[in-house]
Amino acid sequence: MTPQAKLIFTASLLLGTTITISSNHWIMAWAGLEINTLAILPLISKSHHPRAIEAATKYFLTQAAASALVLFSSMTNAWHTGQWDITQLTHPTSCLILTSAIAMKLGLAPFHFWFPEVLQGAPLTTGLLLSTAMKFPPITLLFMTSPSLNPTLLTCMAILSTALGGWMGLNQTQVRKILAFSSISHLGWMTIIISYAPKLTLLNFYLYALMTTAVFLTLNSIKTLKLSTLMTTWTKTPALSAMLFLTLLSLAGLPPLTGFLPKWLIIQELTKQDMATTAIMISLLSLLSLFFYLRLAYCATITLPPHTTNHMKQWRTNNRTSTMIAILTVSSTMLLPISPMLPPIL
């Protein structure tokens, strides 16, 4: 792919995201989502591998269906109430259809089946965009419509996402699929609190994007796509592998690291809302995903294979992103002390 084409597609992604997050009218939000979908498709299928083409096709069909549902939901609401404003979504049927559409856009259970397949077929850099930037516009729409949506439905979907994201990631050996199930599990945490403290959802999303970016850029730097290759990285880049270990534990939400901060605040807010049982359920279900994060971390740092592996060793890693990785990994592991500053903002 030529640099000019990459520039056009990246600019279109930025344009689509900006249009969606800054719009008040449903048609503008829908147009932004469509621009985003069309701009990411060439980036998914740029390798021309049959797997990449299949991933792009699956992504296109799912996103087209979700966009049609967004349009259908907003038109139904406008038909009954005469309002095209995003924040004025009051008709119950429209709310239900919109919840399904946004869940499909995000890859939230039970509409999550496309996401691991698409991520597996895409390159690591495109996978990073799909896991972070492409989820920002739907999360924004969810944030704006959250007062109108059904909290019970969102809670059920959130618990299902955390459970399925944990269970289905347990026996995976492909790193991109593991990160896809990790994303589904994190979306559960974001969705469960959206009706009660929407700003916490955004905080969770920002920190998740930060940690996931650090993991994807590290994996891209050491050219790792499956667990067997991850086992040989310690001898090549010990410092980077050690930081990957900490970032993965942070993504799992272990206490002294950044990833614990959103989980802690969400559990606290759920308890305040008399939802202690829900908080206990989602906390126990996140232990499932902790297992595969530990497995990744174990493969990256603790396993030193005694036998010769059948893959080519590289003399040098790609150092272009090393400064960015350094900043992101430090942020991904050391932001917990800022938690006393957050209550006035939230």
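Cβ coordinates come from backbone N, Cα and C, glycine included.
As recorded in TrEMBL:
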DOMAIN    23-288  domain 'NADH:quinone oxidoreductase/Mrp antiporter transmembrane'
DOMAIN    290-342  domain 'NADH dehydrogenase subunit 2 C-terminal'
TRANSMEM  56-76  transmembrane segment
TRANSMEM  96-115  transmembrane segment
TRANSMEM  152-171  transmembrane segment
TRANSMEM  178-197  transmembrane segment
TRANSMEM  203-222  transmembrane segment
TRANSMEM  243-267  transmembrane segment
TRANSMEM  279-304  transmembrane segment
TRANSMEM  325-342  transmembrane segment
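Ranked by Cβ pairs under 8 Å to the transmembrane segment (243-267), the stretches 56-76, 152-171, 178-197, 203-222, 325-342 are led by 325-342.
Residues 96, 99, 103, 108-110, 112, 116, 177-178, 181-192, 194-195, 275, 278, 281-282, 285-289, 291-292 of the same chain lie 6+ residues outside the transmembrane segment (152-171) yet bring a C-beta within less than 8 angstroms of a C-beta in it. Contacts between the transmembrane segment (279-304) and the transmembrane segment (178-197): present, as 3 or more C-beta pairs lie under 8 angstroms, all at sequence separation of six or more. Away from its own ends, the transmembrane segment (56-76) comes close to residues 26-27, 29-30, 33-34, 37, 40-41, 44-45, 84, 89, 91, 93-95, 97-98, 100-102, 104-105, 114, 117-118, 121, 130, 141 of its chain (Cβ-Cβ under 8 Å, at least six residues beyond either end).
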